[in-house]
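Visitor: Quick one: the structure is below, and I'll ask about it shortly.
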Amino acid sequence: MQTLTQTLTKQAVPDSLSQLILRLADCSKDISQAVRHGALAGVLGATEQENVQGETQKKLDVITNDMLKDALKAEGNVRGLASEEEDYVVEVNKQGEFLVCFDPLDGSSNIDINSLVGTIFSILPAQDGELTEASFLQNGRQQLTAGYVLYGPSTMMALTTGQGTQLYTLNPDTNEFLLTDEAVNISKDTAEFAINMSNQRFWEAPMQTYISELLLGNIGPREKSFNMRWIAAMVGDVHRVLCRGGIFMYPTDNKNPEKPYKLRLMYEANPMALLVEQAGGKASTGYGDILDIAPEEIHQRVAVILGSANEVDACLSYHGLDYSNEPDIA
Ligand code: F6P
Ligand code: MN
């Protein structure tokens, strides 16, 4: 089996970018260890702090954020970083070529129940001149690399450098990531959906109709029965979509009119959208491709509908958009 280093070489990824990816991969191995020690290391539970988004930070949110920051500071080629757990963007190295956005521990509410969590990251090109929040506000198609590491029964990494999506599995004996799927291919059709159904009454009308018709199964207009899954960690739900297809949604809702969306664009939706598109799937807000959004703020949130191409199209058709005649992207 090929190692991560061998695959990046085969893909002719430039050395500086390869080194950064390998640095992130190494850091994720350390995070995997920290996560695995759980209660034994006293890392479970919450801190008394809140992040900029008003969410209570878990101890492991803070620990993993510091681990990634330290790793990126040690890497000479990072111009700046932005994290879910940092209020402002952080300057790293004036000579750096890359910007890194990350969610250090996605799904961290799963930590205390020993369930799936992961790290999501996105690498963008750095711009000349002073580093400000605006330097990061590039659309998702500018991403040079996107990936996540899932800390599950095995530690796995999904990665794209724009040449398809690959899956790697961490060999616990050698502590090396090995290529276990060289070209992820999300099935076009699916009979599995993922959405937090408790928000149903808060969704917009098109989503209400789409889900209610889907729930009617083989006696409804879709003439097909669906199964439902919800891991409550985007990284886990997207991983399932990459492995066996499906549609994952966190749509617009009016539960809190000041916060109509939940997931963050720069370090959740954009990297996942690129991984999904590179694997032959689709990623939309309901009204346009996630990767085409012109970002306005580093912590901005968006609606997310992603996964199996034909099912995303089916959902979009309820929103008045019919993309089914577009050519396949991957
Ligand atoms: O990071 C936000 C997040 O934890 C995602 O990982 C996950 O998909 C979602 O929120 C879970 O939301 P809810 O708490 O509504 O189930
Ligand atoms: Mn998250």
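Cβ coordinates are placed from backbone N, Cα and C, and glycine is handled just like the others.
Note that TrEMBL annotation is computational and uncurated.
Sharing the feature lines straight out of TrEMBL:
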- GLU84, ASP103, LEU105: Mg(2+) 1 binding site (BINDING)
- ASP103, ASP106, GLU268: Mg(2+) 2 binding site (BINDING)
- ASP106, GLY107, SER108, SER109, ASN196, LYS262: substrate binding site (BINDING)
- 12-182: domain 'Fructose-1-6-bisphosphatase class I N-terminal' (DOMAIN)
- 186-318: domain 'Fructose-1-6-bisphosphatase class 1 C-terminal' (DOMAIN)
Visitor: When you tally the Cβ atoms that lie within 10 Å of each candidate's Cβ, which of the binding-site residues (SER108, SER109, ASN196) has the highest tally?
Guide: SER108
Visitor: For the Mg(2+) 2 site (ASP103, ASP106, GLU268), what does the 8 A shell look like? I mean other same-chain residues with CB within 8 A of the CB centroid.
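Guide: Surrounding the site, in chain order, are GLU84, PHE102, GLY107, GLY118, ILE120, TYR148, MET234, VAL235, LEU263, ARG264, TYR267.
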Visitor: In the same chain, outside GLU84, ASP103, LEU105, whose C-beta lies within 8 angstroms of the Cβ mean position for the Mg(2+) 1 site?
Guide: ASP61, THR64, ASN65, SER83, GLU85, PHE102, PRO104, ASP106, SER108, THR119, ILE120, TYR267, GLU268
Visitor: Cα of GLU268 (Mg(2+) 2 binding site) to Cα of ASP103 (Mg(2+) 1 binding site): how many Å, rounded?
Guide: 7
Visitor: When the Cβ positions of the binding-site residues GLU84, LEU105, ASP106, SER108, ASN196 are compared with the atoms of ligand 1, which fall under 6 Å?
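Guide: ASP106, ASN196, by Cβ distance under 6 Å.
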Visitor: For ligand 2, pick out the binding-site residues LEU105, ASP106, SER109, ASN196, LYS262 that have a CB under 6 angstroms away from one of its atoms.
Guide: ASP106
Visitor: Could you give the Cα-Cα distance between LEU105 (Mg(2+) 1 binding site) and ASN196 (substrate binding site), in whole Å?
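Guide: Just about 20 Å between their Cα atoms.
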Visitor: Please average pLDDT over the domain 'Fructose-1-6-bisphosphatase class 1 C-terminal' (186-318) for the predicted structure.
Guide: 97
Visitor: With DSSP assignments reduced to helix, strand and coil, which class does SER108 (substrate binding site) get?
Guide: helix
Visitor: Same chain only, sequence gap of 6 or more: which residues have a CB within under 8 Å of the CB of GLY107 (substrate binding site)?
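Guide: The list for GLY107 (substrate binding site) reads SER115, LEU116, VAL117, GLY118, ILE231, ALA232, ALA233, MET234, VAL235, GLY236, given in order along the sequence.
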